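S.K.: Okay, here's the structure, questions in a sec.
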């Protein structure tokens, strides 16, 4: 009767409990049944356990008495609906239960504990259980099959919520990403990306087939729960059927060991560590009897799990918390930049932890560049990574201004690869000229970022929108062009696509990179304004020529990359540009030179940490690696105009139409002069019409009318038939090119020929064809695929030894190291244009010595253009290099460009001046000296060595102590007056990589306010004008003058013009100078590409 009462009081056991009892009987010797009263007294209820922040609940059984063999909590139902949150009854908490930790100290044995737990990893191999020979009968199997039927019917009714994630082929049966040996930072299919299905769920919870909190261990080393999601109910049943069928056939359990009374099973739970990449996270468990489990999981393990709280705050709809990643538990809570879970992006660190990797740290951040990329970099590129990392830790941008051909694109691509590898950024925007985008794609593929890159420059609007949405919703690199940015600024701001709440600063783009960033040198253009409207945490400009015409361009670039560094535009003009321009002029006084040098030094020191520039001569000279790059010799060949060219040139300058054009449109007149110097056939009637058609978009109606009259004036004086029959002889440049090729081609040299206009290339092409030379050509009409194909053909070296290119197209981004001779046919107002052309051949990968020929007609407008190039080059070096520069030339007055040479066209004053300056530095090897002598036989006016420019340091004039002290006091006064006008950020890190002068003091602030001494002269002029005007109004006085007041009227006219010129000069900060270079270079690039 008592037994029946006890049976009535005992609750029915669940299916798993019954199954556990059967397996217990199969694997252990029979025991004496314990007294029923023991189990009756310890009867407990099931408890519902809620994981903090998760919707699913886990039903747990408390420990029962030893009669039933339950010594640990068993998870029975993972998918049951929520019924309420209750506390866990911790009866029997004193029993020992091993953790899944690898520590052997936790693997202890206590008498009376069960042989194993029913909590089983169904992705692990089937267990091999000990058995007794007497338990192999058919009766036992029939009972087991009955249990299986019950389990199948039970599981068929269970509600299993399954996320329908699209899984990659890289996942095995357990939902664990396989080891990836291939090194590639891909997007939705690679180890470097966040899987597309994961991006739709919580960002830090991996919802694969097999996921769960691996273990929870209390402070005394006691174990808690092990939670697992299974694939489907069918797979669940099939796994158990296979496991039970193996009962009696296996003697050991591979992959997991359970605590047992035997000495062979004391290893603790082991979760098949060879496959699974889910990290074990230890958490403490309170020992009080009634514990709120949701509060426990949220608070325990504070030393590790709490540090990842920021990564999981938005995971309110997921089932279980999975802390994955090799270093996830080691992450620090203080993170100035974003850091992501290691497994969140499907990224396997072990496949990338190789030798030669670069690791940089700073401000609790860690940057790692895998060795497979790091080993591809030159030493100077590794230094560039250090500089870029210093900017990153400061939250700043900068200008990478390395000399052309030093691999700036590779430096940036490698740095981005390390940032993505280190989980420090999610998105980067790269803006470049369209001709450079294939080169970017190639370099990004080299560092393994090809699958992460999306193109945003095609003609299909829908395709562009799709790629933009893909990047903004996930991660990766977006490639686009300046024109696309200008027309799609709002879309790139990301307001319509962007939903990431992880960004504390609200910036959609972590990095914005501008290749050929000097294209935004004019801050008033829509191009520059649209780029400034796109939010970005870091802005990097890549430009080998950050200063092309004037210092205002430098301010514009830093205003984009480091806003506020140089103040506003007016402040920069008053405190820097004004004094530097005065000091760099050849006619500057000693005092102006010294003040200009002081201000220039301050400017260099101020921008130094944010501006990195290395020259090829420095990079491959200082580190003993000169063998890696060959030698370059640049020579200027001064040519004499042919008789026909000289006649046209003189007639044009002396004509009345030119004088009228001077007052109306000097740009159009300069265009005609340049074309006369290149080739008279450019100015035939048909060519004049072509020029007008191409210039319609850049010239006003008035300017177009002037240009038409000028061009037709020249065309009417040209005998077209005579020109056609004497194509080579009427142009000194074309005649020289053909004579030079007769010497170069037989010797096996390969030649690049650059011109600014397609029309000039056509004339050169006609001469090459008539002389039987094979050649290749690309210009603005060549399509991008054909352009790349042509470049590859030339680099292979089997098609043609001559390559014709326009400066605007061929001067950007191309690598033509197969050539060792470069001819620049016509100079550009912008010196960087010619320099870009030269560096197509002289760059990393060149193994031959390179000779560059810059063709200039002596005593013409081209010579004055070259002088202007040298002047601008000195200005650039003054602002960026720590050396006192030689002052070769002064600012030119506009009238000098239209004046006839005093010494005739056969002598070049510039060539003579440069020879006097550098004659003692000219040291030519035997081969080059012989070649120069050959050039002199071709009837040239002379040769200048362009490579020697700025090779000397300007002498510093000695001054008296009294004068020096006075200048020092005045400078200190100026510093004090301007120091409060702008706030400067403290400079940290990166300075050693930008410049390395010994006399740099980063803490020094030199801010100079202008002293406008023109106010006095302007007031004097106005006073004289007033006095002369009053005198002229006195009719009695004027009547007594011999000339009737004509001289007074002339003086008034001169003073009025002088005052007008002074005010115009003040607006451009170039006193008494009219400078049209900036306007000319802009319009010529658009209008003269014929």
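Note that Cβ sites are derived from N, Cα and C of the backbone, with glycine treated the same way.
According to Swiss-Prot:
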type	residues	note
BINDING	402, 403, 404, 405, 406, 407, 408, 409	ATP binding site
COILED	1043-1069	coiled coil
COMPBIAS	256-273	compositional bias 'Basic and acidic residues'
DOMAIN	389-564	domain 'Helicase ATP-binding'
DOMAIN	736-895	domain 'Helicase C-terminal'
REGION	1-51	region 'Disordered'
REGION	247-273	region 'Disordered'
MOTIF	44-51	motif 'Nuclear localization signal'
MOTIF	515-518	motif 'DEAH box'
S.K.: Of 404, 406, which of the binding-site residues has the most Cβ neighbours inside 10 Å?
M.R.: 406
S.K.: So what pLDDT does the motif 'Nuclear localization signal' (44-51) average out to?
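M.R.: Its mean pLDDT is 42.
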S.K.: Once the chains shown are all counted, how many other Cβ atoms turn up within 10 Å of the Cβ of residue 407 (ATP binding site)?
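M.R.: A count of 21.
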S.K.: Take the Cβ of residue 409 (ATP binding site) and count every other Cβ within 10 Å, whichever protein chain it belongs to.
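M.R.: There are 21 such Cβ atoms around residue 409 (ATP binding site).
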S.K.: Of all the binding-site residues here, 402, 403, which one's CB has the most other CB atoms within 10 A?
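M.R.: Within the set of binding-site residues, the most crowded position is 402.
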S.K.: For residue 408 (ATP binding site), just count the other CB atoms lying within 10 A of its CB, please.
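M.R.: Summing over all protein chains shown, residue 408 (ATP binding site) has 22 other Cβ atoms within 10 Å.
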S.K.: Which residues, in sequence order, are found in the same chain with Cβ within 8 Å of the centroid defined by the Cβ atoms of 402, 403, 404, 405, 406, 407, 408, 409 at the ATP site, excluding those residues themselves?
M.R.: 544, 843, 844
S.K.: Per DSSP, what is the residue count of the motif 'DEAH box' (515-518) in each of helix, strand and coil?
M.R.: 2 helix, 1 strand, 1 coil
S.K.: Please report the number of other Cβ atoms within 10 Å of the Cβ of residue 405 (ATP binding site).
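M.R.: Residue 405 (ATP binding site) is surrounded by 22 other Cβ atoms within 10 Å.
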S.K.: Specify the secondary structure state of residue 404 (ATP binding site) as given by DSSP, simplified to three classes.
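M.R.: Assignment for residue 404 (ATP binding site) reads coil.
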